[in-house]
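A.B. asks: The structure's right below; bear with me while I get my questions together.
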Amino acid sequence: MLKAVILIGGPQKGTRFRPLSFEVPKPLFPVAGVPMIQHHIEACAQVPGMQEILLIGFYQPDEALTQFLEAAQQEFNLPVRYLQEFAPLGTGGGLYHFRDQILAGAPEAFFVLNADVCSDFPLSAMLEAHRRQRHPFLLLGTTANRTQSLNYGCIVENPQTHEVLHYVEKPSTFISDIINCGIYLFSPEALKPLRDVFQRNQQDGQLEESPGSWPGAGTIRLEQDVFSALAGQGQIYVHLTDGIWSQIKSAGSALYASRLYLGRYQITHPERLARHTPGGPRIRGNVYIHPTAKVAPSAVLGPNVSIGKGVTIGEGVRLRESIVLHGATLQEHTCVLHSIVGWGSTVGRWARVEGTPNDPNPNDPRARMDSESLFKDGKLLPAITILGCRVRIPAEVLILNSIVLPHKELSRSFTNQIIL
């Protein structure tokens, strides 16, 4: 039997995802029409022998998370449970803390997936590679260009055996163009090195009597504390993929991930893609429209558009490279490009909401999304436009390269602004 663990983090993470993470936990943000981690769960559920999927994180189990878990269990006919950490424990601390739940039933191996990645999840190929070698740790790797590789965990492998000889998390100088995808397959024996790190933390004096210092020993970073330490010892191997992959750290990267997933729907879920029908809107490229959305027949949608539940799209609307969330309204003849329109927001007639894409360099096949700061030299860098929850944009204005926080009612145009 097999299990899967999805690391969803907590509210102290995902600050670059604001203001979108104000309304829902980042792992539940809709990407290509479904919550971000549903893509992970779908991939895990398709692996033969999968018996249980565990979510580990520090979020409070609110109504949204509870409803998602119930819906996932019904849809995939698998136990999907949430295990809440008592404190943020890092990428490995939760695995060690909940080791008994993970190992219950004696699984052959278990997948570990970070929630904030977009991928085609070649889990069956990883399982096949694991069964050939049966080493404790198998990492999924891909390639990046020299400059961008410094923003990731870098892997030096033996090209014949694929053993990880050296691992450095976000090195200061170039190490390798092979990077860590944040998707792993572990044997039960992989928890022993995590126990060693925990015991070493105790011996180093990080565990004290006061309750507030308890997470010190429990905090384990897989990348620095385990992978870097065990590289070159015959325990960690890498499985390379040339499939789709991207981190989802910012709202801009969510829009890029939506494009990747919508493109993949052509193979995996063609029923989710809208088709042009007589009397319906004009569809260009890959578009997702929730069944409850109301779209005027003269609207032009796509490519890379995702329209959520209860959305209203008026006559003559042009929508491209954008996500429109639950309950939003785009009135007649609005134009929305490279933007995310928040829950319940309204864009007035003849208004234009536009952002600047920060996609990877299309001329470099190994280019990845840049996770740069919002600011440079005190100025807001051009990026996608984000309208938070229940924002009202008046008629005939331009909102360009701006971020509007929730519950704002604007009265004029804005360019390169954060509207607080």
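Cβ atoms are placed via backbone N, Cα and C, with glycine included.
Annotation source Swiss-Prot lists GDP-alpha-D-mannose binding site at Glu85, Gln247. What Swiss-Prot lists as region 'Substrate-binding domain' is 2-251. What Swiss-Prot lists as region 'Hexapeptide repeat domain' is 273-420. Feature annotation from Swiss-Prot assigns region 'C-loop' to 356-384.
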A.B. asks: What kind of secondary structure is Glu85 (GDP-alpha-D-mannose binding site) part of, going by DSSP in three states?
C.D. replies: coil
A.B. asks: If I take every residue in the region 'Substrate-binding domain' (2-251) and average their pLDDT values, what number comes out?
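C.D. replies: Residues in the region 'Substrate-binding domain' (2-251) carry a mean pLDDT of 90 in this prediction.
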A.B. asks: Taking the Cβ of Gln247 (GDP-alpha-D-mannose binding site) as centre, how many other Cβ atoms lie within 10 Å?
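C.D. replies: Here the count is 21.
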A.B. asks: Below 8 Å Cβ to Cβ and six or more residues apart, same chain only. Which residues does that give for Glu85 (GDP-alpha-D-mannose binding site)?
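C.D. replies: Those within reach of Glu85 (GDP-alpha-D-mannose binding site), by Cβ under 8 Å and sequence separation of 6 or more, are Gly10, Ile56, Gly57, Phe58, Gly93, Gly94, His97.
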